[in-house]
Structures are given as C-alpha cells and as structure tokens.
Amino acid sequence: MLKVNNLSASYGYVKALKEVSIKADQGQIVSIIGANGAGKTSLLRCISGLVKPTSGTIEFLGEQIPKKPNDIVKKGIIHVPEGRKTFSGLSIQDNLLVGGYLFSAKENEEELKKNYELFPILKQRKEQYAGTLSGGEQQMLAIARGLMSHPKLMLLDEPSLGLAPLIVNQVYELIAQIRDRGITVLLVEQNAKKALGLCDKAYVLENGEIILEGTGKELLCSESVKKAYLGG
Amino acid sequence: MAIQLLLNGLAVGSVYALIATGFALIFSILKFSNFSHGALMTLSAFVGYFVSAGTGWSLIPVLIVSMLVGGLIGLFGEFVAFRRITKRNSATFYYFVSSITLGTFYESIVTIIVGAGYFVYPMFFSKPAIWIGNFVIQTSSVVMLGISAIVLIILVFVLQKTKMGRALRAVSYDRDTAYLMGIDVFKTISIAFFISGALGALAGVFLGIYNYTLTAQLGNLVVKGFIASVIGGLGSISGAVFGAVLLGLLETILIFFIGSGYAPVATFLIMILFLFIRPQGIAGKSVQEKA
C-alpha cells in the first residue's frame with residue numbers, strides 16, 4: 001500500500017534521512033522506533049509532503065504521491081502530528097470540521113456523529129476551546145480530527161508522548177480499533193515496548209538509517225533492541 | 001448634542017473598525033503588522049474617486065468597484081511581497097521590510113499619478129444632513145455606520161460559521177497542521193489578503209467622504225486602525241472592532257471637549273497606557289497551549 005524507496009532528506013547540510021526504504025501493507029500497523037533525532041518525524045513529514053525529500057520515491061496505492069500536502073490528504077493519507085497540534089483557540093467541533101475540510105457538510109455531519117460515539121468526552125465539550133482539554137483528550141481529538149478526513153493511511157507521530165500510562169493504554173486500544181476499521185497505521189514511537197507490542201511490523205531508525213526490521217515480536221526479543229530501547 | 005456626538009463617534013469608530021479588521025486579519029494569519037495597508041487605502045480611495053468622477057455612479061457601485069480593486073491590490077501585494085517569505089518560513093523581520101517597501105511603492109504610484117495636491121471627494125448624497133426632531137445628523141455618518149456594520153457582521157459570520165472561515169482560523173493558529181488537514185494554505189492566505197484589501201478600500205473611500213478631501217496622505221489614518229488593534233488585542237477580529245468603536249467614540253468626544261489639536265495626544269496616551277497595563281489588549285487570548 002505504502003512503499004518508500006531509498007528516501008533521503010536533509011535540512012541544510014544536516015542529513016535527516018539516508019536511503020530509507022519501508023513498506024506497509026493494507027490493514028497493518030507498522031511502527032518505526034528510534035531515539036530522539038533519529039529521523040522518525042522527518043520520515044513522516046516527507047510522506048505527508050511537509051518536507052521535500054532530496055532523493056527517493058514514495059508510492060501510495062501504486063502511484064507516486066502528489067507534491068502538495070493538501071493534495072496528499074486528498075489521496076487518503078492523514079498525518080496526526082507530534083504534540084497533537086490541535087487548534088487551541090478553535091472549538092472542539094471546529095477542530096473536527098477542519099479535519100473534514102475536504103468533505104461536504106453532509107459527509108462531515110455523519111462522520112462527526114461517528115466520532116462523537118467513539119469519543120463521548122468530545123461530544124460533551126464540543127463548544128469548548130480545544131486548548132481547555134487535557135493532554136490525553138487532546139490526543140484523542142487529534143486522532144478524531146484525523147479520522148474526519150476518511151483516511152486510508154494514518155501517520156501517527158508519538159501518540160503516547162507526555163501521557164500517563166493509563167491514558168497511553170487507551171490511546172493504544174484506539175489505534176487497534178482504527179486498524180480494525182481497515183485503516184493502515186504508520187506509528188512512530190519512542191515508547192518502543194508499547195509500539196512493538198501492537199504492531200505487525202517494525203523498523204528501527206538510527207541516525208537517519210534503518211538498521212533493523214522485523215515483526216514486532218522479533219524486535220521485542222532482539223538483543224540489540226532490548227539494550228538500546230527497552231532498557232536492558 | 002450627546003446623541004449627535006455618539007452617532008458621529010460610532011460612525012468614525014466603524015470606519016476605524018474596517019481598517020483595524022483588515023489589519024488584524026493579516027496579523028493573525030501571518031503574524032506581522034502590514035504597513036502597506038495605509039497606502040492600499042489611499043490607492044483604493046483614489047480608485048473610488050476616479051470611478052465616481054469618470055462615471056457619475058452612485059455610492060454603492062463605486063464602493064463595490066473600489067473594494068474589488070482593493071482586494072486585487074491585496075492579492076498582488078501578497079504575491080509580490082510576501083509569498084516567498086512565507087514559503088521560506090523566513091523571520092518576521094522580512095515581512096516588516098517588505099510591507100514598508102510595498103507601502104512606499106503604492107504611495108509613489110499615487111504621487112506620480114495625482115501629484116501632491118488635494119481633491120474634493122464627490123458628495124454622494126443629495127442631502128448632506130438629516131434632521132431628526134432637534135438633531136442634525138450628517139447623512140454620510142449614518143450611511144458609513146450602516147454599511148460598515150453590515151460588512152463587519154458578514155465578516156464575522158464568514159469567519160465563524162463557514163468552511164472558508166474555519167480554514168482561515170486554522171491557518172492562523174498553525175499553518176503546517178492546517179496543511180496536514182488538506183487546507184490549501186496559500187489559497188487561504190490569498191483569500192485573507194483579498195478580504196483585507198477590500199476592507200481597506202471600503203475604509204479608504206469612507207475616509208475620503210468623511211473628510212471631504214482626498215490627498216496622498218490619507219493612508220496615514222491607518223494608525224487609527226493600529227491603535228484600535230492594540231487596544232482590542234492584536235490579531236483578534238472582535239477585539240479590533242471593539243477597540244475601534246471605543247477609539248472612535250473617545251476621539252469624537254475628546255475633539256468636542258479639548259479640540260482637535262490635543263485629542264490625538266490623549267488617544268496616544270491611552271494606547272501607551274494600554275500597552276503598560278494590558279499589552280494583550282481587551283480581547284487578549286487567555287487559552288494557553290498544553291504540552
């Protein structure tokens with residue numbers, strides 16, 4: 001479904017990604033783990049069009065992805081950015097409607113209903129500013145906002161960042177539900193244990209290069225991953 | 001007398017509100033003070049003057065043509081002076097330099113075409129004043145207040161309730177994330193400049209009518225919009241309207257009591273006071289980002 005081939009990207013002279021190749025199949029959760037600054041977010045930003053790669057290709061459903069981020073969303077790729085990035089001064093409902101920007105009012109109404117069923121807390125507080133939500137609720141809102149665009153592929157950047165363990169579990173249950181709906185998930189995480197426990201396939205990114213790949217279980221058992229990312 | 005003063009103040013305030021909202025729209029979306037806005041007002045006021053002088057049209061068609069031209073000037077300005085800066089994510093400083101340069105460019109065009117003299121702005125009304133009982137009210141004040149109020153209400157409705165308005169607000173909060181939601185960010189920025197230009201043009205023509213004369217210095221009145229924005233809260237549309245109406249009332253009352261010589265001194269003192277006591281303005285945002 002998603003095929004990234006030999007992708008490189010740089011910021012000025014700093015190389016963020018070096019010849020990265022990954023693949024994700026329909027309905028899978030594929031995770032990318034790695035330390036801070038390994039290039040995880042850069043990879044997602046290349047796929048969603050915010051960063052222009054210096055070389056390499058990105059194919060989605062057998063086609064090259066378009067250049068502009070808004071055209072990429074049209075193809076069915078949604079990027080839920082790191083740090084939630086909800087529009088703090090917009091109401092919760094407006095945040096969701098911005099997520100459904102490319103769709104008609106009628107389609108949005110249906111999708112809103114679905115999302116409010118999934119996230120009752122958002123319905124209760126739909127008129128309030130998004131900035132008044134707690135961190136965990138904002139993460140839910142960010143994901144719900146992403147779902148408003150009817151995605152085929154969801155790029156999730158550090159959904160567990162800064163959240164209490166109990167909330168992290170809720171977020172991960174939600175990710176599993178999203179996969180069960182048939183949406184492919186590309187999950188970027190520092191929380192390697194959580195990500196590897198859920199995903200079908202995983203890549204380890206280090207200094208902009210893929211150094212390991214395998215199923216979640218394989219990597220959970222791998223000695224080098226244990227040492228570097230799971231704390232022994 | 002009090003009612004006349006009030007109405008005049010509201011009329012002046014509503015024109016300031018047009019200036020301030022045009023200014024605030026750009027401030028909120030690109031986070032810089034658009035110093036070319038005043039010159040855009042002058043340019044569009046002259047467009048209104050020449051259209052009226054050339055065709056003899058009544059007020060409404062002149063306003064519509066001026067607003068369209070003002071909007072197009074806004075689009076042009078964004079494309080020529082700001083687009084590259086936005087694309088490169090350069091520092092705000094470049095916007096300042098670029099907007100000042102663009103403003104000087106517009107002013108020069110005006111000076112080249114019309115020279116330094118002044119023009120008598122057309123009178124659009126057959127009766128310059130209306131008598132209501134014992135009060136005499138300028139027709140222009142009533143018309144200005146009415147049209148400005150309608151335009152501002154439409155603007156607020158568009159911003160709050162429509163898809164385009166949501167896109168504008170989303171882009172002003174977080175450009176990258178707006179992009180990720182499928183919003184065409186540059187189209188949205190262009191729309192903001194078009195609206196801002198049209199509002200500036202409307203304000204320009206109104207200022208011409210209100211002052212009876214038109215000179216190349218009309219754009220200096222943009223300062224009023226700036227003060228109103230500061231009082232109301234930079235970047236906040238409702239704050240800008242509120243600040244502008246307050247300023248208009250205050251000015252009219254001050255001119256009545258202490259004369260037009262000292263009134264500007266007092267208004268600037270009030271602005272400085274605001275910067276000391278409440279730098280975020282009346283409508284300053286209290287919602288904070290959470291980590």
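Positions of Cβ are set from backbone N, Cα and C atoms, glycine also.
A TrEMBL annotation is a machine prediction, not a hand-curated record.
The shown structure was predicted, so the numbers you read here are calculated from the model rather than taken from an experiment.
According to TrEMBL, the protein carries these features:
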type: TRANSMEM; residues: B:6-27; note: transmembrane segment
type: TRANSMEM; residues: B:34-51; note: transmembrane segment
type: TRANSMEM; residues: B:57-81; note: transmembrane segment
type: TRANSMEM; residues: B:93-121; note: transmembrane segment
type: TRANSMEM; residues: B:141-159; note: transmembrane segment
type: TRANSMEM; residues: B:191-213; note: transmembrane segment
type: TRANSMEM; residues: B:225-247; note: transmembrane segment
type: TRANSMEM; residues: B:254-277; note: transmembrane segment
Statement: Here the stretch out of B:6-27, B:141-159, B:191-213, B:225-247, B:254-277 with the most C-beta pairs under 8 Å to the transmembrane segment (B:93-121) is B:191-213
Field: Listed stretch, out of B:191-213, B:225-247, B:254-277, that has the most CB pairs under 8 angstroms to the transmembrane segment (B:57-81)
entry: B:191-213
- prompt: Looking at B:34-51, B:141-159, B:225-247, B:254-277, which one has the highest count of Cβ pairs under 8 angstroms to the transmembrane segment (B:191-213)?
  reply: B:34-51
Message: For the transmembrane segment (B:34-51), give me same-chain residues lying six or more residues beyond its boundaries with a C-beta closer than 8 angstroms to one of its C-beta atoms, as numbers and ranges.
response: 19, 22-23, 26-27, 57, 62-63, 65-67, 69-70, 73-74, 77, 81, 96, 99-100, 102-107, 109-110, 113-114, 119, 121-122, 196-197, 200-201, 203-205, 207-208, 214, 216-223, 225
Field: Remote residues contacting the transmembrane segment (B:6-27) - C-beta distance under 8 A, at least 6 residues beyond either end
entry: 33-34, 37, 41, 137-138, 140-142, 144-145, 148-149, 151-152, 155, 168, 192-193, 195-197, 199-200, 202-203, 206-207, 210, 221-222, 224-226, 228-229, 232, 234-237, 239-241, 243-253
